[in-house]
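Before any comments, here is the structure.
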Amino acid sequence: MLLHINPAYLFKLLHGFPPWIMPTDGNLGDKNFQMGKPGHREGATMHVKKYLLKGLHRLQKGPGYTYKELLVWYCDNTNTHGPKRIICEGPKKKAMWFLLTLLFTALVCWQWGIFIRTYLSWEVSVSLSVGFKTMDFPAVTICNASPFKYSKIKHLLKDLDELMEAVLERILAPELSHANATRNLNFSIWNHTPLVLIDERNPHHPMVLDLFGDNHNGLTRSSASEKICNAHGCKMAMRLCSLNGTQCTFRNFTSATQAVTEWYILQATNIFAQVPQQELVEMSYPGEQMILACLFGAEPCNYRNFTSIFYPHYGNCYIFNWGMTEKALPSANPGTEFGLKLILDIGQEDYVPFLASTAGVRLMLHEQRSYPFIRDEGIYAMSGTETSIGVLVDKLQRMGEPYSPCTVNGSEVPVQNFYSDYNTTYSIQDFDWAHCYSDLQMSVAQRETCIGMCKESCNDTQYKMTISMADWPSEASEDWIFHVLSQERDQSTNITLSRKGIVKLNIYFQEFNYRTIEESAANNIVWLLSNLGGQFGFWMGGSVLCLIEFGEIIIDFVWITIIKLVALAKSLRQRRAQASYAGPPPTVAELVEAHTNFGFQPDTAPRSPNTGPYPNEQALPIPGTPPPNYDSLRLQPLDVIESDSEGDAI
């Protein structure tokens, strides 16, 4: 039998070099070459391979126990009370301790479920604390109840006012004929959004009638319609239709006053939308005419200390102590003398008659650098009175997700800002906006969507107000006060002001303290772990280490199961492979002969004794014994030999 040896290994062996340090370039005299010291990279790679080999052998071997042996070992070595008694006592006590262990395990799991569910409910507890320190005075926004001066916008509302007067005549005297009076009216606005009368006496067949009937088309209204409108059960509504007129909705009102006011505001909004905002600012009340006197603490102030903004419903509004460009003003003491005092002229004689039905000042207290939603959160101060407002400060600190759906700055609220795509003028001039807005406003689903989408602020400051009023000025001092104010504003010796146009405000801190209402987690992670550990220790005398032991036994069970499944798959594969061969497996002699038959000569068929040998027949070599497996011929690095031996020992 021939023995094949790699020449490279033989060459290295003859020259006395171990095969793992033999130079690859053949330069044996290189000074940089160091005997017996492999490179750092090769050494690190060898250690990693050895570590992975050990881990692979350990995974293949498994825990080395059966299921029963693992259970017995766990019960005998665990620190949990109960399992050890199951394997150490007699049959009756084993059964008793087994049932007790199951019962207490179920109790622990039940208690754990209650505590985890309570923790995941994200309940909060509220604490109230009172503090004393110098506080920032709130920002004060004031607006006139009338957005514009009627003398400056009268030319814009000429057609609308004439149509409004005709509507009032129809409501007050419907039995009179107004055919001649309505022929000169501009019905272009009316035809798109008219006021109608709805007869609801028959709820199954309600009748809808135009307030003007067919007069604006040159015809007279029937007497039957007049009788219906005079009867009880006839309500006024505003018809809102889409741009193509295919879809219409009716907004009902219980009073004609509400109906005509809302209709007039809607039409006026469309008219004002066609006017540039700068012109609208000039048509509203300027600060130097509205703010007659100002005093904050002991320091005088004027309209220049206010920031002007334009609000669509109230025109020019003025904000004191907004803090956008300057530092917020503090207040160190409570009382009227340390607050803000204002005397305002609302100019009630120049109010728009159909647009502003309330006379007075709309005001709101809010935080610095926050936009005032004065239409929703503001209050009115009546003209001819001195209104004193005492302020109490409440600071609210809510917890965010997952305890409450609050927002810090509103950036995460998923609401599309239409002002980034369309400007305000374009949106209002679209004739279809009223119908769309009315549908959304009356939609219950849309309200629920808004409630779920809009979030309250996590940190908020609320100003609780105590309001008191008194007549101002009194009849005894009315003459000289109005003389002085008229001279200061108009440099006139005559009185240009009246009681119905004057408002005096006093805004101050009622108490020198503030309340902080703060939310905190009612059940935090410390509470949860304490209760879980307490229940586990009380019922079973266990701890976290006992849970780790239980997790270890579960991992061993899974490990053994995987090894058994792999072994089963291998055995099935071997059975399929053996089933594909019909004959018996080859013997050792046949395998040796296959390795020594280098000529690959076919076996000879049996011949009769009369036939002679073939002429070219050659005698086959007699098979010898296989060569011994000498360890000296296994030319491998010593590190590899060590790793193999250690892997076998794992």
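From the backbone N, Cα and C atoms, a Cβ is placed for every residue, glycine too.
Annotated features in Swiss-Prot:
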- 641-650: compositional bias 'Acidic residues' (COMPBIAS)
- Cys143-Cys317: disulfide bond (DISULFID)
- Cys229-Cys234: disulfide bond (DISULFID)
- Cys241-Cys248: disulfide bond (DISULFID)
- Cys294-Cys301: disulfide bond (DISULFID)
- Cys406-Cys458: disulfide bond (DISULFID)
- 626-630: motif 'PY motif' (MOTIF)
- 117-542: topological domain 'Extracellular' (TOPO_DOM)
- 96-116: transmembrane segment (TRANSMEM)
- 543-563: transmembrane segment (TRANSMEM)
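When the C-alpha distances from Cys241 (disulfide bond) to the disulfide-bonded residues Cys143, Cys234, Cys301, Cys406, Cys458 are tabulated, the minimum falls on Cys234. A distance of 16 Å separates the Cα atom of Cys294 (disulfide bond) from that of Cys317 (disulfide bond). In this structure, of the disulfide-bonded residues Cys143, Cys248, Cys294, Cys301, Cys406, the smallest number of CB atoms within 10 A of the CB marks Cys248. Listed in sequence order, Thr141, Ile142, Cys143, Ser308, Ile309, Phe310, Tyr311, Pro372, Ile374 are the same-chain residues six or more apart from Cys317 (disulfide bond) with CB atoms under 8 A from its CB. Look at Cys406 (disulfide bond): DSSP puts it in coil. Nearest by CA distance to Cys248 (disulfide bond), out of the disulfide-bonded residues Cys234, Cys301, Cys406, Cys458, is Cys234. Reported as a whole number, the C-alpha separation between Cys301 (disulfide bond) and Cys234 (disulfide bond) equals 55 Å.
Scoring each of the disulfide-bonded residues (Cys234, Cys241) by how many neighbouring Cβ atoms lie within 10 Å, the top position goes to Cys241. Spatially close to Cys458 (disulfide bond) yet at least six residues away along the chain are Gln397, Arg398, Met399, Gly400, Ser404, Cys406, Thr407, Val408, judged by Cβ distances under 8 angstroms. Classification of Cys301 (disulfide bond) by DSSP places it within a strand.
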